[in-house]
Amino acid sequence: MRRAEQGNETAVVEFIILGFQSTPEVQLILFLIFLVTYITTVSGNLLIMVLVVTDHHLHKPMFFFLGNLSFLETCYTSTILPRMLASFLTNKYVISINGCFLQYFFFTGLAGAECCLLTAMSYDRYIAICKPLHYTTIMNGKCCLQLAGGSWVNGLLASAIVTCLMPQLTFCGPNEIDHFFCDFTPLVKLSCTDTHRIELATFILASLLTLPPFLLTLISYVYISVTVLRIPSSTGRHKVFSTCSSHLTVVTLFYGTLIVVYLGPKPNTLGNLHKVFSVCYTVLTPLVNPLIYSLRNNNIKK
């Protein structure tokens, strides 16, 4: 373990990502599972991006946001899985402190962007179903670009603010992160300086990036549900609901797993089970998103 002298203390300059080292007997199985998952995730999301760009039938706001989501999911899973796969092969679990901060920046920035992007997609469905006569006027090219661009900027900007505060922390104790990537809580726990400032900033920014988008998404689907129930024919209700079911499933999976991980019992209570829950939103969600949209969207299937 390399260290650098800082005053009378010894500052850590690299971390050890423990990952799933506590289960050495299944390392090979985990490597194969994560490798297949990563290849499938990237392939599925790239296929959706290619379809959205090349097929003129998909040049619509809903698929524009879907293409953005697929690109985001590809980047999202690529911030974690390649390094984890390399660790399985080389048995080297060391990451520099700057590399850890960089991984945290991209991971949280993309997660925040996804919260905003899912809200933009729900707003698109709300306008399409509740205000169909005004849809083409409201959801024009400029509006779509602003919603998508704002999602990316908001997520990455909030992450940049927190990441800029991290170099102010000093790590002089244990350098083992009991997780499979550089997440906020296990990282800050290793700091030997006061962390109240960065924890407060993270709480405020995380609340702004999760609660308002979640509430706006919820409100959108309340209005959509009311509108759908007013449709007289059951065939019409089924057709309208089918256009929203894919997005609603993705929203439920994403926010559901986040709530379990960050609002559930503390990691020390759950042990390795906490890592398993974290796999759900970092690995499984990007994997199932293209499958959900492919299997439940008639335009994508065609």
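Cβ coordinates come from backbone N, Cα and C, glycine included.
Some features that TrEMBL has for this protein:
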type     : residues : note
DOMAIN   : 44-293   : domain 'G-protein coupled receptors family 1 profile'
TRANSMEM : 28-51    : transmembrane segment
TRANSMEM : 63-81    : transmembrane segment
TRANSMEM : 101-123  : transmembrane segment
TRANSMEM : 144-169  : transmembrane segment
TRANSMEM : 200-224  : transmembrane segment
TRANSMEM : 245-264  : transmembrane segment
TRANSMEM : 276-295  : transmembrane segment
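Between the transmembrane segment (101-123) and the stretches 28-51, 63-81, 144-169, 200-224, 276-295, the greatest number of Cβ pairs separated by less than 8 Å involves 144-169. Here the transmembrane segment (276-295) has long-range neighbours at 34, 37, 40-41, 44-45, 47-48, 66, 69-70, 73-74, 76-77, 80-81, 107, 179-181, 183, 246, 249-250, 253-254, 257-258, 260-261, 264, 270, 301, meaning same-chain residues at least 6 beyond its ends whose C-beta is under 8 angstroms from one of its own. Tertiary proximity for the transmembrane segment (200-224) is limited to same-chain residues at least six positions away from its ends with a CB under 8 Å from its CB atoms, namely 112, 115-116, 118-119, 122-123, 125-126, 129-130, 154-155, 158, 161-162, 165, 184, 244, 248, 251, 255, 258. The list of residues near the transmembrane segment (28-51) in space but at least 6 beyond its ends in sequence, with Cβ under 8 angstroms from a Cβ of it, reads 20, 58, 66-67, 70-71, 73-74, 77-78, 81-82, 84-85, 88-89, 283-284, 286-287, 289-291, 293-294, 300. Model confidence over the domain 'G-protein coupled receptors family 1 profile' (44-293) is summarised by a mean pLDDT of 85.
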